[in-house]
Amino acid sequence: MKTLLIHSDYLEFTAKEKTKIAEDAEILNGKMDECLTVFIAVEKEDESDPVAVIKNAVFEIIKTAGNLNVKNIVVYPYAHLSSDLGSPETAKEILKGIEKELSSSFEVLRAPFGWYKSFKISCKGHPLSELSRKIGTERIEKEKKEKVVSKFYIINGENSELTEVNDELLSKLKDKGLLALLKHELDIKEEGKENGEPPHVKYIKEKEICDYEPSSDAGHFRWYPKGKLIRDLLSDYVYNLVVENGGMPVETPVMYDLQNNAIREHADKFGERQYRFRQGNKDLMLRFAACFGQFMMKKDMYLLPKHLPLKLYELSTYSFRYEQRGELVGLKRLRGFTMPDMHTVCIDMNQAMEAFENQFWMGLKTGDDFKTPYSIIFRFTNEFFEENKEWFFKMAKEYKLKYGKDAILEILPGRKHYWVGKVDMAVVDSFGRPIENPTVQIDVESAQRFGITVHDGDKTIHPIILHCSPTGSIERVLCGLLENAYIKTLEDKPPALPTWLTPIQARVIPVSERNEEFALEVVNKLRESGIRTDFDDREDSMGKKIRNAGTDWVNYVVVIGDNEMESKKLTVTLREESSIKQPKKESLTVGELIEKVTSEIKGSPNRPLPLPMKCSVQPIFR
């Protein structure tokens, strides 16, 4: 934003003629004496964070008015100050926002936007009477530090007892997950835990899962066959889970036009961390979630109460957040990611709370299935909590009964977001820091903003909408799985993924050439049974082959020699039942091995091995 501030004896204007971008204005002429006249040009870069621009502009205007001892202010749109103008919609939003913020302390006159106007001005002519300012989107330091003053509690589900969080409680809290979450929320940093590379970053490279793509923007990844398989299996898992719970899959675009008021306003709720660009005469943004497309789809639907709750689901591939370069950390924080995103339309708050509870349990189930238990934090506005505390206590009690764990409760004094209540679930990484994954939110704003309606007889209702990601981003799920695998090594357990997610579930290793024919028969039987199996035909020592299987995190390593051929009993190393120092081995027939593996992966998504069967011809990607 460019501004020109004139300490004026008076400013007088008359609106003469509309342009095609003119606002409908009630005040078409006006005069103000003894005033600070602020000529304003809203620029393209202001679109990334209009809220910050408004606050920064108001800060500068108030400071100047105070220095000049002025109580009257004229806000005057003046496009000639810049050659890089923002969109008319953003300009109107910012000018009205400045007027509104100033009106609480000053007499304000705003000239209409988009009109040809005549004006007269008398400048006082002293050294401070003419000032120019460049206003940016950077949050002023005061606002950067400004936070909603929330209160945090530990909720004991057994007796509905709330204990407010303080230093004494933190020093005695034994639940590492809750402690990590609270330290994150309270911005308590521990020396040595903010630096260093998390173990999962080493794993994704070493195991040929994925890696940074140097020819792309920072925070974007290339995915190798093993990683693509894992990601696809996780995506299949969420798809099945959501459809089983009534979700209807859809697909929507990855970019949106910021000229659409609803899209721009919703995008502005998320601040400056967005990919925005200009193409031709359009200002576009890359989505950071599937909200935009799903809301536009719902806007065009003719919804009746019998259709609700209505759940639309999309695997948002990809979503984008322009995270700061210094904040990018492996799969935990990146700029391009895959977000499972479901939005549920509810007729009223009672239906929304019922759906919230169901989706809360659905989110917890994902932690059970991934073997990555969550710690949870509920967040409610004070008004919502007071009205619905019995419902919350019931949910907390059921959670305690099932998981034996307490939860965190955050109470916000008022609503600063589009939601009145939400729950976040997190796993804890090897540095003791939370990785927030599943979330459910009760949105009371977006239906009205996007024009989503439900027709109930002669009434038209703006419904309540739930936002739900049952797992969080696919990349963060994998991050949590790999961090959990590392934590196992601290307990003398070999790192491993759940068998249904492990790229190579079984590897068959012949002791000598004469064992190969029988070994290949075993390979084929395992593969025919849907078990991802490869065959180590490399000319390495037996010790090296077994070590390679360990490096590849193979869950079932089958060694076949003369004894196995004769007895038809296979020597199988079971990775997940082993310790680092003592491998667990069993003697199994092919049928018993197939039964063991298939029973373990039963009910989970399955895909074939996307690599050559023979290890000797599997390519090396790094």
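Cβ atoms are placed via backbone N, Cα and C, with glycine included.
Residues CYS291, HIS467 are recorded by Swiss-Prot as Zn(2+) binders, and the candidate that the same record lists for that site, out of HIS200, HIS220, HIS343, is HIS343. Within 10 Å of the C-beta of HIS467 (Zn(2+) binding site) there are 22 other C-beta atoms, taking all protein chains into account. Cβ-based neighbour count (10 Å, all protein chains) for HIS343 (Zn(2+) binding site) stands at 26.
Mean pLDDT of the predicted structure over the region 'Catalytic' (199-498): 94. In the three-state DSSP scheme, HIS467 (Zn(2+) binding site) falls into the strand class. If you draw a 10 Å sphere around the CB of CYS291 (Zn(2+) binding site), it holds 27 other CB atoms from the protein chains shown. Remark: secondary structure over the region 'Editing domain' (1-134) totals 43 helix, 56 strand, 35 coil, with classes taken from DSSP.
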